[in-house]
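Undergrad: This is the feature table in TrEMBL:
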SITE      Arg22  site 'Important for substrate specificity'
ACT_SITE  Asp86  active site, proton acceptor
SITE      Thr87  site 'Important for substrate specificity'
SITE      Gln169  site 'Important for substrate specificity'
Amino acid sequence: MNLAFRLRIESTMLVLASASPRRKELLTQAGLTFTVEASEVLEDLLPKETAADYVSRLAEEKARAVFERRKSAEDDGDPLIVLGADTCVLSEGEILGKPRNREEARRMLQGISGRTHQVLTGIAAVTRAGATVATEISQVTVDLIDPDELETYLDTGEPLDKAGAYGIQGYAARWIPRIEGCYFNVVGLPIARTMDILAKANAKLATPPHDPAATVVVP
Ligand SMILES: Cc1cn([C@H]2C[C@H](O)[C@@H](COP(=O)(O)OP(=O)(O)OP(=O)(O)O)O2)c(=O)[nH]c1=O
């Protein structure tokens, strides 16, 4: 990230539209200063929606919800960028979000045990110039999970607030010998890709398109 970009981002008001402690921690560790404002969006899957479209749509909805609430603040001259993200697991063709209860968490973990699945995180940066979105995909290989260890893991409560009912950054790391792609993407925020999206969103602020509602998908 070049100095000019960093200075421009720091002169921009950055808001993280998330209640995820992991996302806040990752963005802080990346050296960005920002405020946090969670937003609730319906996480229902649309008919025939792919996992990639699902997470990028939800990321944009989260960011847009906070942007609409905050955009009056932009009148203070600080250009506002709101960052949203959404993570899901795609295992054997099934999209897994956060489990609703222990039973669903157990079923999810049994489903990923001994298999390789994908973790997808959609990221969206919304400004007055529109939305810049992207989806990052990582491949995660899981060893066979011993049933007793699975119950011990469920007892920790860790599975309940995580897509696919596991956190690679915690107890479940013992079952994950290999991932291909970005580790931070699995945790919930692909930092390098996020910096790229923020740079593109910030650049668009200088030359906004004609349609502020426009969404630009970054390949
Ligand atoms: C796969 C995986 C997911 N997760 C977490 C990241 C996300 O917080 C969560 C996926 O749920 P999300 O709905 O993406 O995010 P969230 O509800 O936690 O927060 P918000 O919507 O307010 O941004 O799963 C891990 O922490 N570790 C992992 O290994």
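For all residues, glycine too, the Cβ spot is worked out from N, Cα and C.
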Undergrad: For Gln169 (site 'Important for substrate specificity') and Thr87 (site 'Important for substrate specificity'), determine the Cα separation and express it in whole Å.
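TA: If we compare the Cα positions of Gln169 (site 'Important for substrate specificity') and Thr87 (site 'Important for substrate specificity'), the gap is 15 Å.
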Undergrad: What are the non-local neighbours of Arg22 (site 'Important for substrate specificity'), defined as same-chain residues 6+ apart in sequence with CB under 8 A from its CB?
TA: Gly167, Gln169, Val187, Gly188, Leu189
Undergrad: Hey, does DSSP put Thr87 (site 'Important for substrate specificity') in a helix, a strand, or just coil?
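TA: Once the DSSP labels are grouped into three classes, Thr87 (site 'Important for substrate specificity') ends up as strand.
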Undergrad: Across all chains shown, how many C-beta atoms besides its own are within 10 angstroms of the C-beta of Thr87 (site 'Important for substrate specificity')?
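TA: Within a 10 Å radius of the Cβ of Thr87 (site 'Important for substrate specificity') lie 27 other Cβ atoms.
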Undergrad: Taking the Cβ of the residue listed as 'active site, proton acceptor' as the centre, how many other Cβ atoms fall within a 10 Å radius?
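TA: Step by step: centre on the Cβ of the residue listed as 'active site, proton acceptor', count other Cβ atoms within 10 Å, giving 27.
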